[in-house]
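**Student:** I grabbed these lines from TrEMBL:
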BINDING   C38, D40, H96, C99  Zn(2+) binding site
Amino acid sequence: MSRLNEILEFNQKFVEDETYLSYETDKYPNKRMVIVTCMDTRLIELLPKAMNIKNGDAKIIKIAGALITEPYGSVMRSLLVAISLLNAEEVYIVGHHHCGMIGLHTEQIVEALALKGVSRENVDQLEKTEYVDLQNWLTGANSVEEAVKKSISMIQSHPLFPRSIPIHGLAIDPHTGKLDLLVDGQK
Ligand SMILES: [Zn+2]
(Lines of atoms letter the chains of each structure in order from A and count residues from 1; the text may use other names and numbers.)
(Lines give C-alpha, C1' and ligand atoms only; values in the text may rest on other atoms or scores of the structure.)
Protein backbone atom coordinates (compact mmCIF):
# COMPACT_ATOMS: atom_id res chain seq x y z
CA MET A 1 0.00 0.00 0.00
CA SER A 2 1.30 3.45 -0.88
CA ARG A 3 1.79 6.02 1.87
CA LEU A 4 -1.06 8.06 0.41
CA ASN A 5 -3.48 5.15 0.51
CA GLU A 6 -2.31 4.28 4.00
CA ILE A 7 -3.08 7.84 5.12
CA LEU A 8 -6.49 7.89 3.46
CA GLU A 9 -7.44 4.56 4.98
CA PHE A 10 -6.31 5.67 8.44
CA ASN A 11 -8.16 8.94 8.02
CA GLN A 12 -11.44 7.28 7.22
CA LYS A 13 -11.29 5.38 10.50
CA PHE A 14 -10.08 8.48 12.40
CA VAL A 15 -13.20 10.37 11.34
CA GLU A 16 -15.58 7.41 11.74
CA ASP A 17 -14.34 6.81 15.27
CA GLU A 18 -14.78 10.53 16.07
CA THR A 19 -11.18 10.65 17.30
CA TYR A 20 -11.24 14.35 16.40
CA LEU A 21 -13.56 15.13 19.29
CA SER A 22 -10.67 15.38 21.75
CA TYR A 23 -8.98 18.01 19.51
CA GLU A 24 -11.89 20.37 19.08
CA THR A 25 -11.07 24.05 19.42
CA ASP A 26 -11.41 27.26 17.38
CA LYS A 27 -9.04 29.28 15.21
CA TYR A 28 -7.95 31.68 17.96
CA PRO A 29 -4.86 30.69 19.95
CA ASN A 30 -5.93 30.13 23.58
CA LYS A 31 -2.49 31.18 24.83
CA ARG A 32 -2.47 34.19 22.50
CA MET A 33 0.87 33.27 21.04
CA VAL A 34 2.47 32.51 17.70
CA ILE A 35 5.51 30.25 17.37
CA VAL A 36 7.96 30.22 14.47
CA THR A 37 10.02 27.06 14.57
CA CYS A 38 11.86 24.57 12.36
CA MET A 39 10.28 21.83 10.26
CA ASP A 40 12.60 19.27 11.93
CA THR A 41 10.88 15.90 12.36
CA ARG A 42 12.18 15.55 15.94
CA LEU A 43 10.09 18.54 16.95
CA ILE A 44 6.70 17.41 15.62
CA GLU A 45 5.42 16.22 18.98
CA LEU A 46 8.37 17.10 21.22
CA LEU A 47 8.18 20.89 20.85
CA PRO A 48 4.50 21.30 21.77
CA LYS A 49 4.88 18.83 24.66
CA ALA A 50 8.04 20.55 25.93
CA MET A 51 6.34 23.96 25.76
CA ASN A 52 3.03 22.70 27.17
CA ILE A 53 1.19 23.62 23.96
CA LYS A 54 -2.03 21.73 23.27
CA ASN A 55 -4.27 21.79 20.22
CA GLY A 56 -5.74 25.29 20.00
CA ASP A 57 -3.10 26.97 22.19
CA ALA A 58 -0.85 28.59 19.59
CA LYS A 59 -0.35 29.42 15.94
CA ILE A 60 2.70 27.46 14.76
CA ILE A 61 4.62 28.43 11.63
CA LYS A 62 7.23 25.89 10.55
CA ILE A 63 10.13 26.78 8.30
CA ALA A 64 13.63 25.37 7.80
CA GLY A 65 15.87 26.62 10.60
CA ALA A 66 13.13 28.94 11.97
CA LEU A 67 14.86 31.40 9.65
CA ILE A 68 12.66 34.15 8.22
CA THR A 69 14.35 35.20 5.01
CA GLU A 70 11.88 37.61 3.41
CA PRO A 71 10.28 40.74 4.89
CA TYR A 72 7.44 40.44 2.37
CA GLY A 73 7.14 36.66 2.19
CA SER A 74 4.52 34.25 3.46
CA VAL A 75 6.02 33.78 6.93
CA MET A 76 5.99 37.48 7.73
CA ARG A 77 2.48 37.68 6.31
CA SER A 78 1.37 34.80 8.55
CA LEU A 79 2.80 36.59 11.58
CA LEU A 80 0.96 39.78 10.69
CA VAL A 81 -2.31 37.88 10.29
CA ALA A 82 -1.78 36.08 13.63
CA ILE A 83 -1.22 39.29 15.59
CA SER A 84 -3.76 41.46 13.79
CA LEU A 85 -6.76 39.16 13.31
CA LEU A 86 -6.18 36.11 15.47
CA ASN A 87 -5.44 37.69 18.85
CA ALA A 88 -1.81 36.59 19.15
CA GLU A 89 0.00 38.92 21.55
CA GLU A 90 3.47 37.38 21.67
CA VAL A 91 5.89 35.84 19.17
CA TYR A 92 8.23 32.95 20.00
CA ILE A 93 11.08 32.19 17.62
CA VAL A 94 12.21 28.68 18.55
CA GLY A 95 15.36 27.47 16.81
CA HIS A 96 16.96 24.19 17.79
CA HIS A 97 20.36 22.67 18.43
CA HIS A 98 21.74 20.30 15.75
CA CYS A 99 19.61 21.98 13.07
CA GLY A 100 20.30 21.04 9.46
CA MET A 101 20.22 24.73 8.49
CA ILE A 102 23.22 25.51 10.68
CA GLY A 103 26.32 25.65 8.53
CA LEU A 104 24.36 24.87 5.37
CA HIS A 105 25.71 26.32 2.15
CA THR A 106 24.04 26.89 -1.19
CA GLU A 107 26.37 24.50 -2.98
CA GLN A 108 25.27 21.56 -0.79
CA ILE A 109 21.63 22.08 -1.77
CA VAL A 110 22.47 22.68 -5.42
CA GLU A 111 24.53 19.46 -5.59
CA ALA A 112 21.76 17.45 -3.94
CA LEU A 113 19.20 18.92 -6.33
CA ALA A 114 21.42 18.00 -9.29
CA LEU A 115 21.14 14.36 -8.18
CA LYS A 116 17.34 14.79 -8.36
CA GLY A 117 17.60 15.96 -11.94
CA VAL A 118 17.75 19.74 -11.56
CA SER A 119 20.06 21.05 -14.25
CA ARG A 120 23.05 23.24 -13.47
CA GLU A 121 21.80 25.56 -16.23
CA ASN A 122 18.72 26.42 -14.16
CA VAL A 123 20.97 27.30 -11.24
CA ASP A 124 23.30 29.38 -13.42
CA GLN A 125 20.37 31.24 -14.97
CA LEU A 126 18.89 32.04 -11.58
CA GLU A 127 22.22 33.36 -10.40
CA LYS A 128 22.16 35.85 -13.28
CA THR A 129 18.68 37.16 -12.54
CA GLU A 130 17.72 39.91 -10.15
CA TYR A 131 14.83 37.80 -8.94
CA VAL A 132 16.74 36.09 -6.15
CA ASP A 133 20.13 36.27 -4.46
CA LEU A 134 20.56 32.51 -4.59
CA GLN A 135 23.68 32.36 -2.44
CA ASN A 136 22.06 34.34 0.32
CA TRP A 137 18.67 32.69 0.05
CA LEU A 138 19.85 29.06 0.24
CA THR A 139 22.46 29.61 2.92
CA GLY A 140 21.56 28.77 6.51
CA ALA A 141 23.04 30.38 9.61
CA ASN A 142 26.30 29.89 11.49
CA SER A 143 24.62 29.07 14.80
CA VAL A 144 21.18 28.64 16.31
CA GLU A 145 21.66 31.94 18.16
CA GLU A 146 22.38 33.71 14.87
CA ALA A 147 19.35 32.11 13.18
CA VAL A 148 16.98 33.12 15.97
CA LYS A 149 18.37 36.65 16.21
CA LYS A 150 18.17 37.12 12.44
CA SER A 151 14.48 36.19 12.50
CA ILE A 152 13.81 38.47 15.47
CA SER A 153 15.52 41.37 13.78
CA MET A 154 13.58 40.75 10.56
CA ILE A 155 10.32 41.08 12.50
CA GLN A 156 11.46 43.98 14.69
CA SER A 157 12.51 46.06 11.72
CA HIS A 158 9.30 45.42 9.79
CA PRO A 159 7.29 48.61 9.25
CA LEU A 160 3.97 46.78 9.69
CA PHE A 161 4.86 44.99 12.90
CA PRO A 162 3.55 46.64 16.10
CA ARG A 163 6.28 47.59 18.57
CA SER A 164 4.05 46.51 21.48
CA ILE A 165 4.29 42.80 20.61
CA PRO A 166 7.14 41.00 22.46
CA ILE A 167 9.34 38.70 20.35
CA HIS A 168 11.11 36.00 22.35
CA GLY A 169 14.01 33.87 21.15
CA LEU A 170 14.59 30.30 22.30
CA ALA A 171 16.65 27.27 21.32
CA ILE A 172 15.25 23.80 21.96
CA ASP A 173 17.25 20.60 22.39
CA PRO A 174 15.74 18.16 19.84
CA HIS A 175 16.55 15.23 22.15
CA THR A 176 15.52 16.37 25.65
CA GLY A 177 13.19 19.25 24.75
CA LYS A 178 15.15 21.58 27.05
CA LEU A 179 14.65 25.24 26.17
CA ASP A 180 17.46 27.79 26.33
CA LEU A 181 16.34 31.38 26.55
CA LEU A 182 18.24 33.48 24.00
CA VAL A 183 16.15 36.65 23.94
CA ASP A 184 13.56 37.73 26.48
CA GLY A 185 11.22 39.91 24.42
CA GLN A 186 9.69 41.48 27.52
CA LYS A 187 12.93 43.31 28.31
ZN1 LIG B 1 16.08 22.57 12.05
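Yeah, the Cβs are placed from backbone N, Cα and C, and that goes for glycine too.
Automatic prediction, not curation, is the source of TrEMBL annotations.
Tell me about the surroundings of these features in the structure.
**Tutor:** Counting every protein chain shown, 24 other Cβ atoms lie within 10 Å of the Cβ of C38 (Zn(2+) binding site). Under the DSSP three-state reduction, C38 (Zn(2+) binding site) is assigned to coil, being neither helix nor strand.
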**Student:** Would you count the other C-beta atoms found within 10 angstroms of the C-beta of H96 (Zn(2+) binding site) for me?
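**Tutor:** 29, counting other Cβ atoms within 10 Å of H96 (Zn(2+) binding site).
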**Student:** Under a three-state reduction of DSSP output, how is C99 (Zn(2+) binding site) classified: helix, strand, or coil?
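**Tutor:** Coil, per DSSP.
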